[in-house]
Amino acid sequence: MSETEHLQADTAGLNRAAELLRTGKLVAFPTETVYGLGADATRDICVARIYDAKRRPRFNPLIIHVPDVATAREIASFDEAADRLAGAFWPGALTLVLPLLSSSRIAPLAVAGQKTVAVRVPDHPLARELLARADRPIAAPSANPSGRVSPTTAEHVLEGLGGRIAAVLDGGACPVGVESTIVATGPTPRLLRPGGLPSDVLQACLGAPLEAADGAVTAPGQQRSHYAPDAAIRLDATEAREGERLLGFGDMECDVNLSRSGDMVEAAATLFRALHDLDSAGGRIAVAPIPDEGLGQAINDRLRRAAAPRK
Ligand code: TXA
Ligand code: MG
């Protein structure tokens, strides 16, 4: 990739950032919490570029950013607690994990194949302007390489991701400086990640305690919600045995190919859809070896977990 554009917080900068997002590029932008690394959330290939740029070894589901509550309602289903929290704290440093509407156009990779989705309406004038101009939901994790601290200035973003993303929109320092608080609603609302919005403020709004989900995403309840195909999966297969369908990679004969040309970004973009399609076709799934390089690590991590014995 060529040099990362450093865009100023003016009309020209906003228009350029929105244009890049609409054409499938990665753009880092300021929110009130930290800088996000944004991509079109409706296209798997754009989302795959996020994981590639961050060198994420796993497909964690991403937060979907929208300009207002009405747009969030087109993506997720809101129960009473979600209505209340969104009404009180959006726009703001709160992310809600909610059931994903099947009518939403969110790419399977953005939610890592899950049936829930994390949504947020950020409270930063540039973020909101950008989301409105991009005119589509934007998936955005924090704009840092995997394992590094979250960036709160455009300079931090450029230090970590310069040359790997199309642009950064410079809004100066993020006022909150820590990530959003993540809450999953449902019968008992749970705190998945403490963050910029204190949990006692949330509890006061709900009029009930928030169940703490320590170790949040690794908690068993979270793992269960990860998409695992019903079909048994056999890894490192060189051919399909009787009753199996072959998920391939590269130039080979198979039922579904992650990427005929051996492109890892394309393979990542195809993964969840491919598993889903093979699963609904019935039978067992055999998977050809995937090189453990770049996004191949995240792909193999996902496949190993899908193939692991289940109860
Ligand atoms: O403040 C923030 O939240 C920033 C700005 C850019 O909005 N974003 C951010 O994203 O911190 P990220 O990807 O670094 O963290 C998102 C967290 C991850 O721990 C992920 O596992 C969790 O949200 N998450 C996303 N979708 C989820 C889901 N459906 N269920 C449970 N956890 C989810
Ligand atoms: Mg992060």
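Glycine too: its Cβ is placed from the backbone N, Cα and C atoms.
What TrEMBL records for this protein:
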BINDING   Thr33, His65, Arg120, Ala140, Ser142, Ser180  L-threonine binding site
BINDING   Arg56, Asn60, Thr116, Ser150, Arg193, Tyr227  ATP binding site
DOMAIN    11-197  domain 'YrdC-like'
What same-chain residues, at least 6 away in sequence, bring their CB to under 8 Å of the CB of His65 (L-threonine binding site)?
Thr31, Gly36, Gly38, Val119, Arg120, Val121, Pro122, Ala127, Leu131, Pro137, Ile138, Ala139, Ala140
Out of Thr33, His65, Thr116, Arg120, Ser142, Arg193, which binding-site residues have CB atoms lying under 6 Å from ligand 2?
Ser142
Measuring Cα to Cα, how many angstrom lie between Thr33 (L-threonine binding site) and Arg56 (ATP binding site)?
21
Less than 6 Å between Cβ and the nearest atom of ligand 1 is the rule; apply it to the binding-site residues Thr33, Arg56, Asn60, Ser142, Ser180.
Thr33, Asn60, Ser142, Ser180
Largest separation between Cα atoms (Å) of residues that the record links to L-threonine, namely Thr33, His65, Arg120, Ala140, Ser142, Ser180:
13
Residues near Ser142 (L-threonine binding site) in space but at least six apart in sequence (CB under 8 A):
Val34, Tyr35, Gly36, Leu37, Ser150, Pro151, Glu179
Using DSSP and three states only, what is Ser150 (ATP binding site)?
coil
Out of the binding-site residues Arg56, Asn60, Thr116, Arg193, give me the one sitting nearest to Ser180 (L-threonine binding site) by CA distance.
Arg193
Determine, for the L-threonine site, the additional residues of the same chain whose CB lies within 8 Å of the mean position of the CB atoms of Thr33, His65, Arg120, Ala140, Ser142, Ser180; present them in sequence order.
Thr31, Val34, Gly36, Ile63, Thr95, Pro122, Pro141, Glu179
Segment-level pLDDT (mean, integer) for the domain 'YrdC-like' (11-197):
96
Comparing the binding-site residues Thr33, Asn60, Thr116, Ser180, which residue's C-beta has the most other C-beta atoms within 10 angstroms in this structure?
Thr33
In the three-state scheme derived from DSSP, which category covers Ala140 (L-threonine binding site)?
coil
Among all protein chains shown, how many Cβ atoms are found within 10 Å of the Cβ of Arg120 (L-threonine binding site), not counting that one?
27
Three-state secondary structure, Ser180 (L-threonine binding site) (per DSSP):
coil
